[in-house]
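Feature list (source: Swiss-Prot):
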type: MOTIF; residues: 59-69; note: motif ''HIGH' region'
type: BINDING; residues: E560; note: L-isoleucyl-5'-AMP binding site
type: MOTIF; residues: 601-605; note: motif ''KMSKS' region'
type: BINDING; residues: K604; note: ATP binding site
type: BINDING; residues: C888, C891, C908, C911; note: Zn(2+) binding site
Amino acid sequence: MSIDYRKTVNLLDTPFAMRGDLAKREPAWVKRWQEEKRYEKLRKLAAGRPKFILHDGPPYANNDIHLGHAVNKVLKDIIVRSKTLAGFDAPYVPGWDCHGLPIELMVEKLHGKDIPAAKFRELCREYAKEQVARQKKGFIRLGVLGDWDNPYLTMDFKTEADIVRTLGKIHENGYLTKGEKPVHWCIECGSSLAEAEVEYEDKVSPAIDVGFKVVDTDKASAAFGADAAGAMAVIWTTTPWTLPANQAVAAGANLDYQLVDTPKGKLILGKDLVESAMKRYGVETYRVLGEAKGQALELLQLQHPFYGRQVPVILGDHVTTDAGTGLVHTAPAHGLEDFQAGLQYKLPIANPVADDGRYKSTTELFAGMLVWDANPRVIETLESHGSLVHKSKLEHSYPHCWRHKTPIIFRATPQWFISMDRKANGGETLREVSQRAVDATEFFPSWGRARLDAMIKNSPDWCVSRQRNWGVPMTFFIHKESGELHPRSAQLLEEVALRIEQQGIEAWFSLDAKELLGEEAEQYRKLTDTLDVWFDSGATHFAVLKQRPELAWPADLYLEGSDQHRGWFQSSLKTGCATIGRAPYKQLLTHGFTVDDKGYKMSKSKGNGIAPEEICGTLGADILRLWVASADYSGDMSLSQEILKRTTESYRRLRNTIRFLLSNLSDFDPLEHVVPLANMVEMDQYALLRAREVQEKVVGELYSRYAFHHVVQEVVGYCSEDLGAFYLDVIKDRLYTTKADSHARRSAQTALYHITRSLLLMVAPILCFTADEAWNVLVDSEEESTLYHIWHEFPAQTVEREAALSSKWQAIRELRAAVNKEIEALRSADKLGSSLQAEVEIDAPAELARHLASLGEELKFVLIVSKADVREAGEVAIRVSPSAHGKCDRCWHYRADVGSHAGHGAVCGRCVDNLDGQGEPRRYA
């Protein structure tokens, strides 16, 4: 009776399927993880370990999550999981930013504007709560592990109270100031904007040259050494609407100016800009009458171009000759540099523009006009007064509101600021403390340091007050006459904070001042301003990290998009330094934006976005997570259907490797079958050494410096080159054809067991679903998780033994690659079938020849040929020829003894021994 030899080989199966079906199966795993309370279990397991705290920058509670959200949360999850596997207690408390204008606008859209303030805030709170639930569902679907049942919300009563306390501490430390300063003002918002709320877009503006007639002719003539009668000092501006607020013309003290006679009259211009100005005016013939330093023009009186008042020439360091005329129109109410110069010269800070962007009723010529509509009227007025020298248009970068995408204005308003340059109680300015804190912070990528440092160096005072309804109130009492804060502000603020803990911000808005001030209430009013939402999120290091027992201050890491250098990173830095004197983080990591395959930023309006929900629903969250990890987040991260296709292919290769490993461990019990390292087949010892080297690089170097795309490259390369193309390829013969319980096979399985554990733990932070699916198969328990363990610990040998192993097997691998090249050449020429049909003769130098010869008959298994002979020679030479022998039906080797064994068909003696005898011994391969 013939034997079916296919049934005699050790081809095992595994419940770990070839196809992941992630999109269908992941939701069930998510549900099971929640039911098992994995996060809570992990906290108990990690209790007592050193902590690693990643503080979540709160996304805004509005609309579904987009791809940028997914990138951010997946990167955070990879870090939290990898730190957990590294032996840390790494809790993750997700958060949401819940106050602010976008929610107000949505509530107005849904319910209208005519709503009582208290009811409006209630509706805002309800809306934010709905949005949090909506986004939470999306983040959980991504496999992000965290305390989803107890997130922090900036609208939590306790958090609102602690935000108020943070403000109080900043006031106590002497950094809070009040003043009328020019701030970014959005007409549509009806509120000031923080730096982080301003975006720059291209805009076409009128560009005009305006003449200010010289009043003090004698002073000007003396300065230029020429007759200046009838001369005009010329400024250039792209904001004609600010001219009603003009109070001076600024010159550079050390810049050279010329008095130029032109067809347009006598003009005073910066020397370096005369030629470009004449070209702009279309003037070909002109004559320089005289020259003077800016210093000589200081306090020269000029006539306002259309009002009756006179304005002086002042000196300012901000004046340059890069463009324009070298003289600068100065309106202290409409620009920060103008404002600073105005303070120095005690100029009026006259703001003619109201909150709605219209000129106040007292503004001569332009009362009631919207500033943008006034530009043509201002130009007409200049023409009628003979003050317009030239007009044109200019496309330039201009600040816009990030919400409305509309141009904003600078206008002086009474606001509250956190001062950057006031020496506070500690004797240092906030700028000094903040710059020292930046120096002490580690940045990923490293260029983030220069960016944040430059922002702190150039940061104006932080305007923290807003004229909004839905926000944390600035809970101060202001004296009605003096405008000063109540002398007991610190005590009163704490009393209010205690009430807010119980009732939320409504405790302040509904508060009768008499409850806290008694008879003093007649002299004080409640401040009605709310805090900038960047202050809310910036204060969460105090409101969350310092208040929750499972967390710690400062955080080890803040991780957000690169736009947060000017946003959350900066607001957190300033509140940390202003309250505690240092940054609330040790490390900052920034990632780029998501772009399409053409490099364009993804957006709904362009229709080039891919929603996380779509990817999870078709391919699975693990594919999305693998793409995030594979992309170099230090720059913009490209995604397209083609990139997703390539990512899916990489995933399949990884999955197939894991499936092969698990299949060949189906009958392996680590408690019973493990072979001690010293007794293992030599190639298996080398495989463990390589696996450990890879893990040490991935864990000790790449994960620790957050180089996830290099983690993926290293792991994929290892699976492809070390495992697929070498080790697994070689040991198939031993796994399949030796006796099931033989030392040779159990040695290979021991190596595979260590490799599988290590590999699954290395990919677990990235492929959280797949790694746990495979882990459950490996340990035969659905209640197990990779996260309940730490990085795999390999058995180790002496340094000398490992060095010898590595040197020997690296040389053998290089020789094997050369043999394969020769075999492939014959196969391409149709002179050879499989590599097992080949017989090989090798000439090699002495050391390599000794390495090869030491394997004896087992060299052929390493080369996957049927015969291999080695001869010492001066250089490597390889000769490959087809075997003349028959093919074994069981192991497919070509041997002389095939078919020569009684009771067996076309099989070789090796297979007969493995079937009926003691089994073949293996020492090397």
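The backbone N, Cα and C atoms fix where each Cβ goes, and this holds for glycine too.
Listed in sequence order, the residues T737, D889, R890, W892, H893, R895, V898, V907, G909, R910, V912 complete the 8 Å Cβ shell around the Zn(2+) site centroid, once C888, C891, C908, C911 themselves are left out. Across the residues of the motif ''HIGH' region' (59-69), the predicted structure has a mean pLDDT of 93. Between the binding-site residues C888, C891, C908, C911, the minimum number of other C-beta atoms within 10 Å of a residue's C-beta occurs at C891. Remark: secondary structure over the motif ''HIGH' region' (59-69) totals 3 helix, 1 strand, 7 coil, with classes taken from DSSP. Cα of C911 (Zn(2+) binding site) to Cα of E560 (L-isoleucyl-5'-AMP binding site): a span of 60 Å. In the three-state DSSP scheme, C911 (Zn(2+) binding site) falls into the helix class. For E560 (L-isoleucyl-5'-AMP binding site), the nearest neighbour among the listed binding-site residues (C888, C891, C908), judged by C-alpha distance, is C891. According to its DSSP assignment, E560 (L-isoleucyl-5'-AMP binding site) is in a strand.
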